[in-house]
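Peer 1: Here's the feature list from TrEMBL:
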type	residues	note
ACT_SITE	His257	active site, proton acceptor
BINDING	Tyr27, Tyr132, Arg167, His257, Arg260	glyoxylate binding site
BINDING	80-82, Ser109, Gln130, Thr158, Lys233, Ser255, 288-292, 311-312	FMN binding site
DOMAIN	1-362	domain 'FMN hydroxy acid dehydrogenase'
Amino acid sequence: MGMEMITNVSEYERLAKEKLPKMVYDYYASGAEDQWTLNENREAFSRILFRPRVLIDVSHINMATNILGFDVSMPIMIAPTAMQKMAHPEGELATARAAASAGTIMTLSSWATSSVERVNSVGPGIRFFQLYVYKDRNIVRQLVKRAEMAGFKAIALTVDTPRLGRREADIKNRFNLPPHLVLENFAALDLGKMDKTDDSGLASYVASQVDQSLCWEDVKWLQTITSLPILVKGVMTAEDTRIAIEYGAAGIIVSNHGARQLDYVPATISCLEEVVREAKGRLPVFLDGGVRRGTDVFKALALGAAGVFIGRPVLYSLAVDGEAGVRKVLQMLRDELELAMALSGCPSLRDITRAHVVTDGDRIRRARL
């Protein structure tokens, strides 16, 4: 990395692109098909504006919060992203250390290049495990047990991937896991490698291994094999929110999988309020997708999120500067959120209200009045 000073999260993307092999950068950066949702995940944040309150004592700003009973330093957590050793030799281990030092939660991907046991060995920290449900349920049973034994505190069940979205760069690049790496959680099960194909190697792997018949009953089944709370990751509608509550979900992550699954779904920030309204405080609602600024975090909190998860910024900063890069991303977002809170007149997270932001919908309703 050159000596240039990095002053915001988005700057890491260009630096990562210069540093990473094309196949790897494209895998991390791509969205599905036309990438309309990929652009919209960011764009939608820019249409939400602030209504700051003034002359409030903001000499002490408190960003601490509680997530599923765990105290964290801020409502900014790390989303699961696959194969982090493609970005940096220390991969998920560097990310885990950075999260722990920032006092926040890391979610480990099922498709990590470091096993749950190895990640646990980096030391204390609150970690969640993202789960893909394989056709072979014994594999799922083993994996969940291992995560539980390794001290993971929740399962984030990905529900938007019965099949892999069409990511055209991966098809062109014939994406595959580099030969020196393995999906460590599956290595002992002989599922740690993808077959060579004329397509995306990952798409073929998903088609052969991931259960397309996964349904709500399986959320109940998961609760019989683990006592860990289950977050349902990939809910976008009020209808599914209602069902998630009915089936005992401990929380919802409003997510469109980083715009990598179904293109032309709205931005997650545009779906958040619908989900929050239906949840009615019965379970926490989180958001991932497009968070690049502290102001984005504030907007999500104002619309009812209990916290946000960041994905690509972790991969890009990891590629550029390893653990120190991820630490810096978390610190920059923390500092920006603190500033946004101060300038909006919100000394603590509970002071952030719906009245602190104005959305497109608000403007339309106001115009009608």
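Cβ coordinates come from backbone N, Cα and C, glycine included.
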Peer 1: Give me the mean pLDDT over the domain 'FMN hydroxy acid dehydrogenase' (1-362), rounded to a whole number.
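Peer 2: Taking every residue of the domain 'FMN hydroxy acid dehydrogenase' (1-362) together, the mean pLDDT is 95.
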Peer 1: Give me the CA-CA distance between Gln130 (FMN binding site) and Tyr27 (glyoxylate binding site), in Å, as a whole number.
Peer 2: 19
Peer 1: About how far apart, in whole Å, are the alpha carbons (Cα) of Arg312 (FMN binding site) and Tyr132 (glyoxylate binding site)?
Peer 2: 19
Peer 1: Taking the Cβ of Arg260 (glyoxylate binding site) as the centre, how many other Cβ atoms fall within a 10 Å radius?
Peer 2: 24
Peer 1: Across all protein chains in the structure, which of the binding-site residues Tyr27, Tyr132 has the highest Cβ count within 10 Å?
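Peer 2: Counting Cβ neighbours within 10 Å, the top one is Tyr27.
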Peer 1: Return only the integer: C-alpha distance in Å from Ala82 (FMN binding site) to Arg167 (glyoxylate binding site).
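Peer 2: Counting only the Cα atoms, the answer is 15 Å.
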Peer 1: Between Arg167 (glyoxylate binding site) and the residue listed as 'active site, proton acceptor', how far is it from one CA atom to the other, in Å?
Peer 2: 12
Peer 1: Whole-number Å distance between the CA of Tyr132 (glyoxylate binding site) and the CA of His257 (active site, proton acceptor)?
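Peer 2: For Tyr132 (glyoxylate binding site) versus His257 (active site, proton acceptor), the Cα atoms are 13 Å apart.
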Peer 1: Write down the Cα-Cα distance for Gly290 (FMN binding site) and Arg260 (glyoxylate binding site), rounded and given in Å.
Peer 2: 12
Peer 1: Between His257 (active site, proton acceptor) and Asp288 (FMN binding site), how many Å separate their Cα atoms?
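Peer 2: Given the Cα positions, His257 (active site, proton acceptor) is 8 Å from Asp288 (FMN binding site).
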Peer 1: Could you state, as a whole number of Å, the largest distance between Cα atoms of any two of Tyr27, Tyr132, Arg167, His257, Arg260, the listed glyoxylate binders?
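Peer 2: Farthest Cα pair among residues binding glyoxylate: 19 Å.
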Peer 1: Looking at Cβ-Cβ distances, which residues of the chain lie under 8 angstroms from Pro80 (FMN binding site) while being 6 or more apart from it?
Peer 2: Thr107, Leu108, Ser109, Ser110, Phe128, Gln130, Ala156, Thr158, Gly311
Peer 1: In angstrom units, rounded to an integer, how far apart are the Cα atoms of Lys233 (FMN binding site) and Tyr27 (glyoxylate binding site)?
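Peer 2: If we compare the Cα positions of Lys233 (FMN binding site) and Tyr27 (glyoxylate binding site), the gap is 21 Å.
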Peer 1: State the count of C-beta atoms found within 10 angstroms of the C-beta of Lys233 (FMN binding site), not counting that atom itself.
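Peer 2: Result for Lys233 (FMN binding site): 28 neighbouring Cβ atoms inside 10 Å.
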Peer 1: Below 8 Å Cβ to Cβ and six or more residues apart, same chain only. Which residues does that give for Gly290 (FMN binding site)?
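Peer 2: For Gly290 (FMN binding site), the qualifying residues are Asn41, Arg42, Ala44, Phe45, Ala267, Thr268, Ile269, Asp296.
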